[in-house]
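Reviewing the structure listed below.
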Ligand SMILES: Cc1cc2nc3c(=O)[nH]c(=O)nc-3n(C[C@H](O)[C@H](O)[C@H](O)COP(=O)(O)O)c2cc1C
């Protein structure tokens with residue numbers, strides 16, 4: 001891969017934020033979202049701030065966006081300028097929805113949003129594990145609820161003038177019993193169906209009690225049935241799965257996804273495994289091994305890629321996959337795409353590598369296309385799907 005220029009975020013800003021200031025990860029996250037929301041607000045609104053915003057937005061575009069038709073694809077009738085998107089959980093309430101295209105993302109997934117607004121788990125609930133290039137979170141779907149997201153998007157986002165596709169990731173409200181999950185997902189879907197380009201049934205977060213049990217065939221089926229029967233005209237509906245599923249359970253979900261005509265599968269969410277972690281204790285001094293939460297970043301990379309390959313093989317590439325888990329570089333994205341992912345997403349890698357990551361990945365993917373003599377990214381999908 002071509003040499004990359006020095007990364008000011010990694011050498012200057014990140015050490016300051018992570019170490020010198022020892023900024024609380026969740027506070028820093030909220031401040032970043034606030035800043036991005038301000039920068040990306042519609043420049044036509046807002047008096048004296050107008051010229052400042054215009055300049056900031058064209059500066060962001062110039063610095064972070066990479067446009068090349070070889071990276072574009074049409075999937076589910078939607079146009080994706082780039083295969084790299086923002087993963088769910090970063091912008092749960094869509095505060096910074098307008099910022100993601102300015103930072104080089106080809107799509108962004110908002111949420112997880114639930115039918116009822118909810119505060120999530122007690123803080124602290126987000127920890128960095130720098131020795132493992134990872135994070136541990138037990139946020140618990142803290143979000144303002146589906147109706148609030150619909151209102152925000154109505155104000156911020158104009159469906160006819162969407163710069164990128166917006167996914168909306170739906171979860172079950174904590175107060176709703178598992179037996180009533182289908183109605184709960186359906187309520188969120190109905191509130192938001194005019195605002196998403198695609199929708200995701202999230203049954204794989206480890207941070208809502210019992211949620212991952214909804215991945216079982218008999219639990220998932222009524223949810224998919226309820227959503228698909230209300231899904232007219234048809235919007236792309238995907239399911240997001242855990243990396244901790246046994247292969248046999250994974251095959252069950254794939255078959256169900258196909259029989260309910262889902263648009264695809266997102267693989268994967270965070271893992272509850274603590275294997276191979278270097279980090280022993282969290283910032284609170286408590287042992288990582290016994291702390292609840294999901295691990296993201298490098299430790300989930302390999303299993304996520306295996307899951308992608310398995311889905312691709314089992315469906316003979318007929319069911320589109322969004323690959324996510326441990327992408328920190330173009331090589332990581334390429335591994336997921338060639339295993340079978342049509343699109344990929346990042347969360348933890350963006351926190352560690354900084355805002356230049358989307359552009360860096362796009363440039364690296366273009367280099368890979370050249371190296372392999374391919375004309376477009378869609379030709380790379382599944383290229384290494386028979387490796388085991
Ligand atoms: C702090 C944090 C919050 C997350 N919240 C959600 C969420 O609300 N919904 C969801 O589907 N995934 C959520 N995820 C999982 C990510 O979308 C992604 O699947 C996972 O982190 C693996 O990707 P990564 O290694 O690039 O982070 C969250 C991840 C992190 C680190």
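Here the Cβ of each residue, glycine as well, is placed from N, Cα and C on the backbone.
Automatic prediction, not curation, is the source of TrEMBL annotations.
As annotated by TrEMBL, active site, nucleophile applies to 205. Within 10 Å of the C-beta of residue 205 (active site, nucleophile) there are 24 other C-beta atoms, taking all protein chains into account. Residue 205 (active site, nucleophile) carries neither a helix nor a strand DSSP state and counts as coil.
DSSP classifies residue 347 (FMN binding site) as coil under the three-state reduction. Taking a C-beta cut-off of under 8 angstroms and a sequence separation of 6 or more, residue 347 (FMN binding site) has the following same-chain neighbours: 86, 87, 88, 89, 90, 296, 324. According to TrEMBL, the FMN binding site annotation covers 88, 89, 90, 91, 92, 112, 169, 202, 240, 268, 297, 326, 347, 348.
In the three-state DSSP scheme, residue 140 (substrate binding site) is classed as coil. Other Cβ atoms within 10 Å of the Cβ of residue 140 (substrate binding site), summed over all protein chains shown, number 23. Annotation comment: TrEMBL describes 92, 137, 138, 139, 140, 141, 202, 207, 269, 270 as substrate binding site.
The domain 'Dihydroorotate dehydrogenase catalytic' feature in TrEMBL is assigned to 71-368.
If you measure from the Cα atom of residue 297 (FMN binding site) to that of residue 269 (substrate binding site), you get 10 Å. Taking the Cβ of residue 240 (FMN binding site) as centre and 10 Å as the limit, one finds 26 other Cβ atoms among all the protein chains shown. In the vicinity of ligand 1, defined as a Cβ distance under 6 Å, the following of the binding-site residues 88, 138, 140, 202 are placed: 88, 202. Comparing C-alpha positions, residue 138 (substrate binding site) sits nearest to 205 among the recorded positions 92, 169, 205, 240.
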